[in-house]
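Engineer: Before I ask anything, here is the structure I am working with.
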Amino acid sequence: MSGAALGIEIVVVFFLALFLLQRYGDFKKQQRMVLFGTLLAWYLCFLIVFILPLDVSTTIYKQCLIDHEAHAQTPSVSPVLSNQTTPNTSISPSKSVCYKPWSYIPDGIMPVFWRVVYWTSQCLTWLLLPFMQSYARSGGFSITGKIKTALIENAIYYGTYLLIFGSLLIYVAVHFQWHLSWYELQTIGITAANTWGLFLLVLLLGYGLVEIPRSYWEVSRQGHLLIKTYFKAAKLMTEKADSEENLEDVMEEVRKINESIKYNHPLRKNVDTILRKCPVEYQEKMGRNIDDCEDFDDKQNTHPTERSLSKLHKQVIYAVQRHNRTRVQWQILLEQAFHLEDVAKNETSTSRQFVHSFAPPEPVGWFRRYIYTPSVEWYWECLLKQWFYRVLSVVLSLFSMAVVWSECTFFSTRPVLSLFAVFIQLAERDYNYLYIEMACFITIFFLCTCVYSTVFRIRVFNYYYLASHHQTDAYSLQFSGMLFCRLTPPLCLNFLGLIHMDSAISHQAKEQTAYTSIMGSMRVLSFIANGFYIYYPMLIVILCIATYFSLGARCLNLLGFQQFMGDNEMTSDLIDEGKELLQRERRKRQRIEDGQNRRREWRERYAQSDEIAARNRMSIEFCKEAVIFIPSFLYTEAKYTRSSSQTGRDSIELLQDAEPLDFIDETLNDDPLQSEPGRYLSMSSSRSRIFDDV
């Protein structure tokens, strides 16, 4: 099994990152470079999180070997080293035996692996992703133009880094008492990057530790969640109307430029590129209004420049993306609101069968037909779901309190106050590597969930916003990749500090993990290792208290950004507005569904009549063809009498299921014999008119 666990996790993490990117990105429309950069950034960050527990268990095994080698020098101790895998039993192995973990990674693999992963992620977050971000957001019409725009936008960004780095080099060169090697300069760079990441990490972690348990508790309160959905509906409708208005304004500008620049203008190909980015209905409308018969006139000075077209191209991309996003989010919010209203109605149902207000858009599959039946759905939605989320919220709250306590006490090694360090050391005594790996994975997974979920939730106006259902733009995808690459290394170092596996913080002479070894010794900058890394995480207590009392939301509400506040008059008005909007949408959807049901019933009711009518038409066509073979003397008799052909006409009447053939009204001209309108067959003026249609 040596190295097999590492290979399996590498493959699993790749598909996990690919799944998340498929949920938030759009593989069909977005550029391949954007998707590849984001996928690589997410993949490397998730890989660090999943592989780090294996590094911890391997390090504990190496520490066991070192301890036994140290005791072997004493004659009274003769340890036995074993290479067999730890048995999956609860019995503690002998203290004198070091069992190799099932996921043991051979020497030399992990340092190279961590070095490649870390430096690749740092190159992405500080160099490539900012450039790709500007490149994707650029409105240029060629690769050269986009690269030029990206370099200009990042000139200040890269210039600042070069200025800081150059200043540090000059400072080191002037002070001769500082003899820093390349390794120490590298450590200073890593420390600076981790310090910046830790500063942002504590802010995001303090919010997530409180907000995640509270969000699950709110999900268990169906009434509160429905009211909050009404509030979201009112805000989203305002944003949706604003996006539609913005799109109309941009399309009006495109229409004017489309009419002013003719087919033989040098910039016409750029206008065509802009038109292809517009919605289909606007493309058709502009295509009908354009007049390519007029030639380009060089004397006119009203034509836009290439720079103005690039700016318009950028506006079109942004307006279309925002309009599509708000439209999809509105439909998703409607489905959520209708479902919550259905749950509120079904809670008082005596039949214990969950009834939906609207039929599902897709046909019912085997899962809902045989397993998730209406009865099972009722018990889950109306009884079990709320208790499940309440228990989950309590468990997550206890976990959050353990994290807060450990963040404030992880620097204490005697006695050990960090709860996670206590759990790992207890398992280390029994060499229970499976428990060690599971405890490490659950802990670091919870920390990553608190941090990454905050990254997915935050929204910086309309410039950064991660929206599911393929509605995230390229700028937001790459910005999230940058944040992940900057937050993950300090997050892992913080986790190693919580379990006392980082000697720079615990000050213990223990075997270091391979991940810590590539970070270098933090003792080069002692004021950071002994000060900032230890005392700054304590601010998480203040941030958790501020998040619990919603101080951030209250400040935003005072600044004019409406937030959900239960005791606010503006919140109540938005809730009422959202409720009216959803009632209007419900009535609209109900009318559409009623119309579809009526058409379906009409088709089912008259399907048999349609078959009879089809047979009647076939019979009538046969009668028309048979008229040719009727002898002429029969028509002579029909000129004076009706009774001679009454039987045949009665048959035609029954087949046609229409008015009698004796009298043909002006509005009914379906007689196979094509008689004169308003006349009886026996009163036909001439014999030849009978054969007009023949």
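Even glycines carry a Cβ here, placed using N, Cα and C.
Pulled from TrEMBL, these are the listed features:
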- 233-260: coiled coil (COILED)
- 284-355: domain 'FHA' (DOMAIN)
- 6-21: transmembrane segment (TRANSMEM)
- 33-52: transmembrane segment (TRANSMEM)
- 116-135: transmembrane segment (TRANSMEM)
- 155-176: transmembrane segment (TRANSMEM)
- 188-210: transmembrane segment (TRANSMEM)
- 387-405: transmembrane segment (TRANSMEM)
- 434-455: transmembrane segment (TRANSMEM)
- 532-551: transmembrane segment (TRANSMEM)
Engineer: If we skip the immediate neighbours and take only residues 6+ beyond the ends of the coiled coil (233-260), which ones have a Cβ under 8 Å from one of its Cβ atoms?
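Structural biologist: Distal contacts: 271, 274-275, 278-279, 282, 285-286, 289-291, 302-304, 309, 312, 315-316, 319-320, 322-323, 325-327, 329-330, 333-334, 337, 562, 574-575, 577-578, 581-582.
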Engineer: Hey, would you say the transmembrane segment (188-210) packs against the transmembrane segment (532-551), going by three or more CB pairs under 8 A that are 6+ residues apart?
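Structural biologist: Answer yes, regions in contact.
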Engineer: Which listed range (6-21, 116-135, 387-405, 532-551) shows the maximal number of Cβ pairs under 8 Å with respect to the transmembrane segment (434-455)?
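Structural biologist: Checked against 6-21, 116-135, 387-405, 532-551; highest Cβ contact count belongs to 387-405.
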Engineer: What residues in the same chain, six or more past the boundaries of the transmembrane segment (532-551), come closer than 8 Å to it by Cβ-Cβ distance?
Structural biologist: 195, 198-199, 202-203, 205-207, 209-211, 214, 400, 404, 407-408, 410-411, 493-494, 497, 504-505, 522, 563, 565
Engineer: Apart from its near flanks, which chain residues at least 6 from the ends of the transmembrane segment (6-21) lie with a Cβ under 8 angstroms of it?
Structural biologist: 35, 38-39, 42-43, 46-47, 50-51, 54, 103, 105, 109, 113, 477
Engineer: Restricting to the coiled coil (233-260), report the mean pLDDT as a whole number.
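Structural biologist: Averaged over the coiled coil (233-260), per-residue pLDDT gives 91.
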